[in-house]
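I have placed the structure first, in the form of structure tokens, so that the comments after it can refer back to it.
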């Protein structure tokens, strides 16, 4: 063999080893996410659905499909931060031997895998899990798992045809072009990306609604988790009210000659347990140190205020950039050339700020999603979440998380361009959609923050000075009810 042939074989062998290494790394990363999601869902599912031998063959496949979907959602959340950090690591240590496995091909492959698994979960796996939950088998067939599988497959095929027709008609209405309609016949190259583009657009719109609401709710949620200074809350009074209510409920349960026998005893027991749990938490908060009470809460509120203000400021700057620079528009990048230039003007420090803001907005969107009145019923409960509710939560979280890279790039939170099929969305090149989206996000976030912050400050000041206990309501602020005072 000639030297050129040996060189070609060497290149092919090196390429083969790189592909095998990327497959191993991707498998290990996804296995880690899968284990974490399996542990998380185990703490929320109902144990009664997995204890009997008859229910186990039906519940276990649905649970594993939900775990797979939640792992994909978590991977979609980590996708953009992992890419930004990888770029900065390669930029700082370009020839380090121990990070040779971290390259553009691996990052590009992860983006493609997340895109593929998101399509698979949203279009096939989650509908299959839901139909399998609701199915009972066709009339006249043998009852069992196999009959439910047959009915589920038929329902899934009908749903696929329905969605296929709706998307094809929508494409014909939006883009009345023969070439664009014929391109949808290519199921893998055009139809799935087009369908996922529609789903991603819905997810981005959902993030537009939930994130400003969540940014406003983050202050109250953090206030419930941390110990406030004594000026802002009276733990002694809350402990006294909790003990008084617990004693009253205990007397209702234990007194056989009481007039409360017509009440639901199980409900009373649950209320007593809830009050005991609340009292234990209040005892822990009362024993908190002065540093936690007087320093932790103000620092946490300050960090939230800085992150929220920084997010709005970046979006406002990006709106100005959209008006004067065409390069500010989000676009796709087919070649992941990492380690050449930083995607932040502040270097590694700016990249860290970008990652923190992306995670902060994702957490805020989840908080806003579960705080909205439309999706509040989907909120999971500890060891008391039905399987259909778990399926709904996994679908919603996957829609939110898979739209996070597009959401972050559209708002200008990062300069990292979208890789793979994430950058092929048709609406990303529309200037009016991107500009109005940025303006709507900045306006809604500012409005929610001003309204929530001023109301929270007014309420805390009134409670701190004891004006909520006056016999007459304060002007502009109604008197707090006894139930809210006890809480």
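Backbone N, Cα and C define each Cβ position, glycine as well.
Feature annotation from TrEMBL assigns transmembrane segment to 24-44, 65-86, 106-132, 153-174, 194-216, 295-320, 346-370, 390-407, 427-450.
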Checking distant contacts: for the transmembrane segment (346-370), what same-chain residues at least six beyond its ends satisfy Cβ-Cβ under 8 A?
77, 80-81, 84-85, 87-88, 92, 206-207, 209-218, 221, 307, 310-311, 314, 376, 378-379, 396-397, 400-401, 404, 407-408, 413-414
Contacting positions for the transmembrane segment (194-216) when only residues 6+ beyond its ends and CB under 8 Å are counted
115, 118-119, 122-123, 163, 167, 170-171, 184, 308, 311, 361, 363-369, 371-372, 399-400, 402-404, 406-407, 410, 421-422, 424-427, 437, 440-441, 444-445, 447-449, 451-453
Stretch in 24-44, 106-132, 153-174, 427-450 most in contact with the transmembrane segment (65-86), if contact is a CB pair under 8 A:
106-132
Can you name the far-off residues of the same chain, 6+ from the ends of the transmembrane segment (427-450), with a Cβ under 8 Å from a Cβ of it?
197, 201, 204, 208-209, 211-213, 215-216, 308, 311-312, 315-316, 318-319, 322-323, 329-332, 406, 410-412, 418
